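A.B. asks: Here it is, the structure in full.
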Amino acid sequence: MTIDIEYVILRHLQMKLKAPFTTSFGTFQRKEFILVEVVDRDGVSGWGESVAFAAPWYSEETVKTNWHMLEDFLVPLALAEPIHHPEELAKRFSAIRQNNMAKAAIEGAVWDLYAKRLGVPLCQALGGTKKDIEVGVSIGIQPTVADLLQVIERYVAQGYRRIKVKIKPGWDVDVIRDVRRAFPDVPLMADANSAYTLADADRLKALDEFGLLMIEQPLAADDLLDHARLQPLLHTPICLDESIRSYDDARKALDLGSCRIINIKIGRVGGLWEAKRIHDLCAERGVPVWCGGMLEAGVGRAHNIAITTLENFALPGDTAASSHYWERDIITPEVEVQGGLIRVPDAPGIGYDVDRRQVERYTQFAKVFHRTATA
Ligand SMILES: O=C(O)CCC(=O)c1ccccc1C(=O)O
Ligand SMILES: [Mg+2]
């Protein structure tokens, strides 16, 4: 199989979230992101989505740094030579340091095109087998505990398979106690987005009594060592998110005992190829993984669904329904959750149609890059 990309379109989109989403590091009202379309000689399109946010709170990447990396480095590399397998592109990109979300955006588009050319769904091209995936939902910090309980009630009623609550100092032990009292049996976890240090070990230890499935990223993103010190003090498994940016990070975290579960985000680790390698490593080590979310629009959501079909994505992810985030998503059909499950689409590639009318509506500006002009 040879993929000859004829041109690439970068579009800058902005979509308003249905409800503001608050984490320990800030509040999101809208999502700005880059949609990548790669088009081959026959006019077949592959789609990718950069998950970088407008501001560098979650990681150092932003929409603008991603645009710069794509325009000046990654798109020219993708156009430079034909591609026989997306892995080749991942290797080509390894000459460029980090900037994982930018790399993943275009690599994801090439994966979609690759699977479409093969005539198979993306999940199958990746080696996934599941026909349905189990999903949970991530719930932001709310104005009051009463608000939080009401929101949780709604998602439990919709059948979501686990509830994730964002925590930070001052919105943690008492909140989780109230949630647990109201929902004694719900599969529950907490995500701190690096809001604590090792000096808070007692506070984190106090969460042990609530039977959480895991506590996600309690300490700093660059601190595998302190996570390794914290984990033996807790009964609750630590799950790492921000700390894991590559296969090697995952290997080191598992060797050190920094976590017992890994959240895989395709963008954070630089693409589907690296995500699959981390999945396979964790499978060998008997460590379950799950797919995190970055408030994606439909294209990113479709990629998350595809990777989650790999077997060792053993825990429900954060890939909630389109309608949880958006009045109107950019794909048809939209992603729906029924009884806590998403049915994996079986059409070639990402398996959803990109709704060009909606894309147009949300696009603020765009730029086209032709092979002849760059290569
Ligand atoms: O619903 C989603 O897409 C996941 C929401 C979420 O938890 C999140 C949202 C924005 C930034 C970081 C995170 C996170 O997983 O830490
Ligand atoms: Mg997280």
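For all residues, glycine too, the Cβ spot is worked out from N, Cα and C.
All annotation found in TrEMBL is predicted automatically rather than curated by experts.
So TrEMBL has the following annotated:
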ACT_SITE  LYS166  active site, proton donor
ACT_SITE  LYS265  active site, proton acceptor
BINDING   ASP191, GLU216, ASP241  Mg(2+) binding site
DOMAIN    145-237  domain 'Mandelate racemase/muconate lactonizing enzyme C-terminal'
A.B. asks: Which of these active-site residues has the least crowded Cβ, counting other Cβ atoms within 10 Å: LYS166, LYS265?
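C.D. replies: Candidates: the active-site residues LYS166, LYS265. Fewest Cβ atoms within 10 Å: LYS166.
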A.B. asks: Other residues with Cβ within 8 Å of the Cβ centroid of ASP191, GLU216, ASP241 at the Mg(2+) site?
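C.D. replies: Near the Mg(2+) site, the remaining chain residues are LYS164, MET189, ALA192, ASN193, ILE215, GLN217, CYS239, LEU240, GLU242, ASN263, GLY292.
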A.B. asks: Cα-Cα separation of ASP241 (Mg(2+) binding site) and the residue listed as 'active site, proton donor', in Å?
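C.D. replies: With the alpha carbons as reference points, the distance is 13 Å.
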A.B. asks: Under the DSSP assignment, what numbers of helix, strand and coil residues are found in the domain 'Mandelate racemase/muconate lactonizing enzyme C-terminal' (145-237)?
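C.D. replies: Tallying H, G and I as helix, E and B as strand, the rest coil: 46 helix, 12 strand, 35 coil.
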A.B. asks: Among the binding-site residues ASP191, GLU216, ASP241, which residue has its Cβ surrounded by the fewest other Cβ atoms within 10 Å?
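C.D. replies: Each of the binding-site residues ASP191, GLU216, ASP241 was scored; lowest Cβ tally within 10 Å is ASP241.
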A.B. asks: Among LYS166, ASP191, GLU216, ASP241, LYS265, which recorded positions lie by ligand 1, judged by Cβ under 6 Å to any atom?
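C.D. replies: List returned for ligand 1: ASP191, ASP241.
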A.B. asks: Could you state the whole-number distance in Å separating the C-alpha atoms of the residue listed as 'active site, proton acceptor' and ASP191 (Mg(2+) binding site)?
C.D. replies: 15
A.B. asks: What recorded positions in LYS166, GLU216, ASP241, LYS265 place CB under 6 Å from ligand 2?
C.D. replies: GLU216, ASP241
A.B. asks: Just the number: how many Å between the Cα atoms of GLU216 (Mg(2+) binding site) and the residue listed as 'active site, proton donor'?
C.D. replies: 9
A.B. asks: Roughly how many Å lie between the Cα atoms of ASP191 (Mg(2+) binding site) and LYS166 (active site, proton donor), rounded to a whole value?
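C.D. replies: Checking the Cα atoms of ASP191 (Mg(2+) binding site) and LYS166 (active site, proton donor) gives a distance of 5 Å.
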A.B. asks: Note the mean pLDDT of the domain 'Mandelate racemase/muconate lactonizing enzyme C-terminal' (145-237), expressed as a whole number.
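C.D. replies: 98, rounded to a whole number.
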A.B. asks: Looking only at DSSP and grouping its letters into three states, which state does the residue listed as 'active site, proton acceptor' belong to?
C.D. replies: coil
